[in-house]
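Asker: Sharing a structure with you now.
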């Protein structure tokens, strides 16, 4: 639908215009009519909800229902309602956001007049007027603007997170259409690509006035951008609504599930199988009982109507018991898990210690489903630039015509020693210099002042070859807007040395060279991309000379130089290696003079390629490649990207937690290796650092084989007796780290990694890499980052975490089990794709060692207790079946069954799942070894599950048979028989509630006021409800429902009943208490040792204070020596003790069994047998 006067047409290759193109967006899922049916349909996709619906249907069949329907429908409706309210709330905010966007106003040209229209009413083919600081309503082709040459400036923060301004330009033929009368007559035809999600590419052609004009991304304004520093512009709507690139990029992220989720689903299936088995046993029992015994009582206990045989009675009994015993899989389990995860997410969001005041950025849990998996991470894959480093670039050194500049010099001109730093270079001669820029080598400025032609050409290149935008708010006050920090640093360096980039138009660049304004004609920009890894500009000087200036990666540019540069290339290469060895980021600079005739011919071919409808990118790449050959070398730049604060300490502590860190970076090898040493990933104490640089499959395979052989030889020389062939023959791929001695590191280049990731070599690469303490992959592409992560996920079956800050890290972040985004200098695309985000790498330590470990601990304790309490509750029915003729009679009354999981036991276990902790957060950070149980999956696995089930069954046996045995001969105070069904039910139910309350008290490691309130409050609620249900008031209101008036009062008034309850509680709980005391004494866990250490320290402090009170004065030295341990001198000198306390910890315990984690790790095939356990270290140093 085209509303303008001119007959404009818009076509795409996919014929997407054939359907109506509305600009209305919809991110919501429901409306008022569809909410209930659609939401219920989605909820019943969950197997658990369908299962309970099936049970509800069974309960509505009178022949098999032994419980009232409300025992199932109440919890089911509660769960469905809570989920529906949550979904409705989320969707309400989506509706609100959609309405806010769709109702924004826009000026649309209709019949030659600008009219206000809502965004939702904009259509493809409309011409829209935008004004300064307005959002772009749809994907527009820029037609004209208030700026000269059809330029306009935009901010793309909503698309890619970059806050710097970018320039867009109308094609010259439409740039003069500045008024509405001319625009109303515009009748061009656009043929373009179909809608896609590529933000940096657009291909199309405008046909107008019998000519065709190529269209590119530089002519497009995308929805979500903001117009800046431009009074107005006009644009033609190309894509609208869901077809815009912004909406095309808002696809759903892959849903991630934790290992505990997967295990829980398996266990629920096992429990269901167990439930069926119990139902079958009891059904067979019913059939036998009815055949042998029940037939004798047909006179006054006849079969129900429709039951004609014992076999059919057993069949009906099976379904009755399925209903009664269904509480072994409680519906409240799934809701409780989500509530606990939500609480953990809020703790992360509220953590002030993960808040960056400088950027005002808090940590954010962007998902609630992965918290406990943060406590199980074994591999971290990290980007380097902006993640380990600050991504704030500083021009540090350079090489010009074979001379290196940038070394700090003393007053005599010699290279200054470390720690000596004289005054920085004085740039006061230059009124346009940036006062924040500092350089320490005055010889470079002297070369500029003396007129060195090579130095002048060097800085001229830096001031011309870029895409930086300049903004001059007042005379001489320049502000640069650069697409990357590197580019901004280079242009700023040229500015301070006298070559000031002042302004640009689409066809010119103005530079002040040593105070003289010179305007160069900009003929072409050969832009940077990840494949080219270089950027060039072609300019014409005022003298008419045409020159190409190029800057790019050394691996690309050095092979494109003219052969006469060989000697200079050798010297510059030495400088590049020196700079990279210092951890600096390097670029090579070169130029080439072009003949006028050659340039005219090349420019004509470039114009034809730009307008080609097919293979446009390939044709342009070939032309770029042609002109960027036989260049003359100018020199090289070296930019410093400083480490973020706390990175070395964080890596050291995470390494102590047995987490392996792999760095995947696009930087060159030398730079990445040097950063590795700065981060303490690589150390001089390492046995060897293997460097893989092979260019062919055979070379890479041979280098990997030699690396493995060296590790094996070193291991054998230490008497390990390890056979590598035996290791390879094992069915499960495990790391050779289990058996080798020494510390190794692996560095591999991108071209070698491409071969290593091939199907026939990936296992060899992974074996070698996992045998090393540190792995650094250099010159890798975004796709290779994701492939490395996927390789570890595929074979190691370990939890992986990827962390990065840029768009090139998105694929890696989405591939890993857990993705973490750093909100840094490269925009927010990584954050938008992540599961967790914060502003500094050092916060990763707290995220994993505190929040992750606690989340895993809490979830495991919650699940163990939950399964225990429900088996203890449900299995009583099973034992009772053998004493009630297998008649599906319940032990408890139906109200207790309904309220047990909803009221009596729900809040205490939730409090434990949300607030519990074994050691304080400071100890979690000090003792990284506490993290290992999560990696080994020790706290909740199939073995732990069966232990919980066994404890629950044991409790149920005592819960039933002790009261049953007592009641067989017990009498009341008045001599009457005590044994009646209701008294028995009250006694068992009371025993159960007290036992599970005591049990959760034993399980709770960290008591808060909330824990106390929930545990004792739940007990109080039980007794209040129990007495209320047996009261006169309810009986008078509902005589058919509450018939047993005064039963609870009469039963609990008997001393025998309370003695029975006390006996049951003691017998159920004492074995647990005894076992835990013995375990604590004979085989303590690491957390037990830490708590013991805390108690000892507290006692020591108390004794020390008492000693000072009585007047004894000890020297400060002796006060320190009180807790001093011998044997750490060598460790301190070696630099390995980033956290001494985590190694010295187990000296307090000093029990032979304290190295239980290492023993288990060897059995399981874990990683790190060579890493000394805390206990092992303590055994050598101190015996208590």
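In case you wondered, yes, glycine gets a Cβ from its N, Cα and C as well.
Pulled these features from TrEMBL for this protein:
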- 267-289: transmembrane segment (TRANSMEM)
- 309-335: transmembrane segment (TRANSMEM)
- 383: active site, 4-aspartylphosphate intermediate (ACT_SITE)
- 383, 384, 385, 487, 528, 551, 585, 665, 666, 667, 779, 785, 808, 809: ATP binding site (BINDING)
- 383, 385, 805, 809: Mg(2+) binding site (BINDING)
- 831-1084: domain 'P-type ATPase C-terminal' (DOMAIN)
- 862-883: transmembrane segment (TRANSMEM)
- 895-915: transmembrane segment (TRANSMEM)
- 945-964: transmembrane segment (TRANSMEM)
- 984-1002: transmembrane segment (TRANSMEM)
- 1014-1037: transmembrane segment (TRANSMEM)
- 1057-1078: transmembrane segment (TRANSMEM)
- 1165-1184: region 'Disordered' (REGION)
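In terms of burial and nearby residues, how do these features look in this structure?
Answerer: Below 8 angstroms of C-beta separation, residues 47-48, 51, 310-311, 313-315, 317-319, 321-322, 325-326, 328-329, 867, 878, 881-882, 885-888, 942, 945 of the same chain, each at least six residues beyond the ends of the transmembrane segment (267-289), sit close to that stretch.
All chains included, 30 other C-beta atoms sit within 10 angstroms of the C-beta of residue 383 (active site, 4-aspartylphosphate intermediate).
If you take the C-beta of residue 528 (ATP binding site) and look for same-chain residues 6 or more apart in sequence within under 8 angstroms, you find 534, 535, 552.
A sphere of 10 angstroms centred on the C-beta of residue 809 (Mg(2+) binding site) encloses 31 other C-beta atoms.
On the 0 to 100 pLDDT scale, the model's mean across the domain 'P-type ATPase C-terminal' (831-1084) is 90.
Outside the transmembrane segment (1057-1078) by six or more residues, the chain places 951, 954-955, 958-959, 962-963, 966-967, 978, 983, 986-987, 990-991, 994-995, 998-999, 1002, 1051 with a CB less than 8 A from a CB of the stretch.
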Asker: By Cβ distance under 8 Å, which residues at least 6 away from the ends of the transmembrane segment (309-335) in the same chain are close to it?
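Answerer: That would be 46, 48-49, 51-52, 55, 58-59, 61, 63-67, 72, 75-76, 78-79, 82-83, 268, 271-272, 274-276, 278-280, 282-288, 290-291, 294-295, 303, 866, 870-871, 873-874, 877-878, 881, 886-888, 890, 897, 900-902, 906.
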Asker: Among 862-883, 945-964, 984-1002, 1014-1037, which stretch has the most Cβ pairs under 8 Å to the transmembrane segment (895-915)?
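Answerer: By the under-8 Å Cβ criterion, the transmembrane segment (895-915) pairs most with 1014-1037.
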Asker: By Cβ distance under 8 Å, which residues at least 6 away from the ends of the transmembrane segment (984-1002) in the same chain are close to it?
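Answerer: Same-chain contacts beyond the flanks: 865, 868-869, 872-873, 876, 891-893, 896, 904-905, 908-909, 912, 955, 959-960, 962-964, 967, 1015, 1018-1019, 1022, 1026, 1047-1048, 1051-1052, 1057, 1060-1061, 1064-1065, 1068-1069, 1072-1073, 1076.
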Asker: The transmembrane segment (1014-1037): which same-chain residues, six or more beyond its ends, come within Cβ distance under 8 Å?
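Answerer: Non-local partners: 893, 895, 899, 903-908, 910-911, 986, 989-990, 993-994, 997, 1000-1001, 1043-1049.
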Asker: Counting only residues 6+ apart in the same chain, whose Cβ is under 8 Å from the Cβ of residue 585 (ATP binding site)?
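Answerer: 385, 393, 486, 638, 639, 640, 641, 667, 671 - these are the non-local Cβ neighbours of residue 585 (ATP binding site), listed in sequence order.
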Asker: Determine, to the nearest whole angstrom, how far the Cα atom of residue 666 (ATP binding site) is from the Cα atom of residue 383 (active site, 4-aspartylphosphate intermediate).
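Answerer: Each residue's Cα considered, residue 666 (ATP binding site) and residue 383 (active site, 4-aspartylphosphate intermediate) end up 9 Å apart.
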Asker: Any idea which of the binding-site residues 385, 808 has the thinnest Cβ neighbourhood at 10 Å?
Answerer: 808
Asker: Enumerate same-chain residues with a sequence separation of six or more from residue 779 (ATP binding site) and a Cβ-Cβ distance below 8 A; give 'none' if the list is empty.
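Answerer: Residue 779 (ATP binding site) has long-range Cβ partners 555, 665, 666, 667, 668, 669, 749, 750, 751.
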Asker: So of 666, 805, which of the binding-site residues has the fewest other Cβ atoms within 10 Å around its own Cβ?
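Answerer: Comparing Cβ neighbour counts within 10 Å for the binding-site residues 666, 805 gives 666.
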Asker: Please report the distance from the Cα of residue 383 (active site, 4-aspartylphosphate intermediate) to the Cα of residue 808 (ATP binding site), rounded to the nearest angstrom.
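Answerer: Here the two Cα atoms are 9 Å apart.
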